[in-house]
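Structure first, then comments.
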Amino acid sequence: MFYREAGQFKTSYKADQALLPILQDRIGLAVILLTAFVLIPVFANDFFLTSIMIPFLVFALAAIGLNVLTGFCGQLSLGTGAFMGVGAYAAYKLTSIFPDANVILMVLLSGVFSAAIGAVFGLPSLRIKGLYLAVTTLAAQFFLEWCFIRIPWLYNYNASGAIEIPRREVFGVIVSGAEATPIARYFVVLSITAGIAYLMANVLRGRIGRSWMMIRDMDIAAELMGIRPLQTKLMAFAVSSFICGVAGAMMVFFWLNAAEPSSYSIRLSFQILFMVILGGLGSLAGSFLGAAFIWILPVILKFVPGLMGIDMAAETVEHATFMIVGALIIFFLIVEPHGFARLWQIGKQKLRVWPFPY
Amino acid sequence: MRNFKQLALGTAVAAGVGLSGILTSAVQAQDANYVPLLTYRTGPYAGSGIPIANGMHDYLAMLNARDGGIGGVKIEIEECETGYNAQKGVECYEATKGKGAVVYNPYSTGITLQLIPKAGVDKVPVLSMGYGLSAAAVGNTFPWIFNVPDTYWDGASVVIKYIGEQEGGLENLKGKKIGYIFLDAGYGREPIPLLEQLAEKYGFELLKYPVPGAEMQNQSSQWLNVRRDRPDYMVMWGWGAMNPTAVKEAVKIRFPMDKFIGVWWSAGDDDAAAGGEGAKGYKALNFSGVGSDFPALDDIKKHVIDAGQSSTDAESVGSTLYNRGVLNSVIIAEGIRTAQELTGKKVITGEDMRMGLEALNLDEARLKELGLSGFAHPMKVTCEDHAGSHPVFVQEWDGKKWRQASDWIEPMTDIVRPLLEAAAAEYAEKNAPWPARTEPCPN
């Protein structure tokens, strides 16, 4: 009833193949964009922007990156954290070599470096599949992490081994460094994430995306139909690493301000992987939902006891949050192994036939 | 399954409550000085973090219970769990700074590094007591950061000085091998530039054994190398689970324990106790009192622990790290008191607190008044020097407890200070445009 597309006629191929052919979807997206670009900046406080929205968008972008590789092309990867790190260190080196260049451009450019490195580590994917490929990407994770610690050139010979982000202005607005306002950083992160998500939405339903999905569903059949596996898989690795690299660079430039190699450890890889699995493999919306679940929920849950007037020690809250989130992960995986994206689809279906379920 | 569903529903409701709380939480009108404590009682570093968190909390709670706070105004204490994780630390910082925080104690070099650029912008000082960025001691470059009583470089110079004493003079260090085992993070790498400088000056060989944070409970390969290299002394910069593991491994390879010296963060009771009987003789630096024989600690027992307002068990009062936490809170409390005196205000802001810390003068008379005579070396902060390079002592583990094994040893200020100045200048240059100091000097 609420979601019925009956009566919405398409009179051209263009309209039929639009990104969102159904009116309700377009309204929904407009509402989300309005909230993100207008309502949140107007009403949210600094904490909400810096500790919830910015990390959420960064993680959502990283989840999109991994989803391209794992969800759409079917190549399991455990190297996401390291590829994000490559982006971060590349962007850091670029801004220290070209201090006057536009920092947003540098962040986007850093993705090229992680794409190149991702493609190199994607080479074994032609011969190795499944869990074995996961092990080779794990090797990438450890090797790159080792580089971040052991190659002092990467962090400009800083005694503490951390990269610290200097102040940079874009069109007269400070966007990185400690003086950057949360609003400015939020808008940069939001624009980059929304832009890349829009781009990927179109790539994924076009020729390139379809060839990835063919490889995922049955690589031999895909090969017989004229898809070249090496190029396709490498392209998936490169695109995925590019997005992850941009996310990693944004993570340190617009969120953390400083990062140690441990910020890009295997923990981060698993965190992103869980976002993708929980959100839904092979779904862009799922990447956002998964990131929201893994990042936002624990942060918010921490505030609940205090607001309800219950006096709980900080570490007890931490433990409780851990347990609740853990239990919820199990719950959702039992109820819907295909993730939140699938739950949302089921929900749409229910709305369509409401109030006469069958 | 139904329980699961209820859990899911309950969480959704809870998340809604939490979200509305975050969005509406405004700055409350306050009649207390709000001190957020970034602590970690969970994760791999909890072993070191818990006694410190207890010590910090208990002293402030004792002031509230005994004196009604400081200057007649209560201290509002709130702990935020960081898990020694820099991201969570920043999250805690963002969550608490809006409530009028007067000072931050990150208890992690990683979190401190993140907060250093923010402190001047948000006008809240950072007190990194004996940790963090060594160069932050240069007050003219870092007006908002305080690392009293000592920087890591002071500590490293004391270790070398002490080893020199054992060998009968610093000139005898020539040709000796000194091993340095450290947590491979910002914290453990901080003293390396100074140690390298000293190695060059005194002609000893510095052997480095990094221990990655993820593998700090498995140090067999590092200690295998130690056995092969046979260093004359071992120096350790460890934290959390790394300390007890290292002591255990040192005992296992029969390294002479009296030649194994830890920094003040490797001086926990549990750290040394892990080595059992074989750990006897293990040494560590320290700058906060040994034992619980101080009137102020008795007050803590009486007003806080016996009143059931703390998660400390009575035996751990007086352990090295607990006392360290207490000393940290003493500095906070004295900073607040000094700020109240300087400004005449009862409820102070971060800016007032900065002045208070900069004018801090904890002399022998004041320590006695606090019931902490001999608990710490008298310390004084100046506008130029936020660390003060105060003397530290070496303590030794006798198999059951720590006892003081040396007098107060002065750091090699003549070597450390110029290096600190150079490092501060370098930091400012790397992070250009670094703001020049505009804050007035209260002294």
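From the backbone N, Cα and C atoms, a Cβ is placed for every residue, glycine too.
Feature list (source: TrEMBL):
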TRANSMEM  A:27-44  transmembrane segment
TRANSMEM  A:50-69  transmembrane segment
TRANSMEM  A:76-92  transmembrane segment
TRANSMEM  A:104-123  transmembrane segment
TRANSMEM  A:130-151  transmembrane segment
TRANSMEM  A:183-204  transmembrane segment
TRANSMEM  A:234-256  transmembrane segment
TRANSMEM  A:268-297  transmembrane segment
TRANSMEM  A:317-335  transmembrane segment
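Pairs of Cβ atoms less than 8 Å apart link the transmembrane segment (A:234-256) most often to A:104-123, out of A:76-92, A:104-123, A:183-204, A:268-297.
Below 8 angstroms of C-beta separation, residues 52, 55-56, 59-60, 62-64, 66-67, 70-72, 77-82, 84, 141, 197, 200-201, 204, 213, 216, 244, 325, 328-329, 332-333, 338-342, 344 of the same chain, each at least six residues beyond the ends of the transmembrane segment (A:268-297), sit close to that stretch.
Highlighted: of the candidate stretches A:27-44, A:76-92, A:104-123, A:130-151, A:27-44 has the greatest count of Cβ pairs under 8 Å to the transmembrane segment (A:183-204).
Through the fold, the transmembrane segment (A:27-44) approaches residues 20, 53, 183, 186-187, 190, 194 of its own chain, all at least 6 residues removed from its boundaries and within a Cβ separation under 8 Å.
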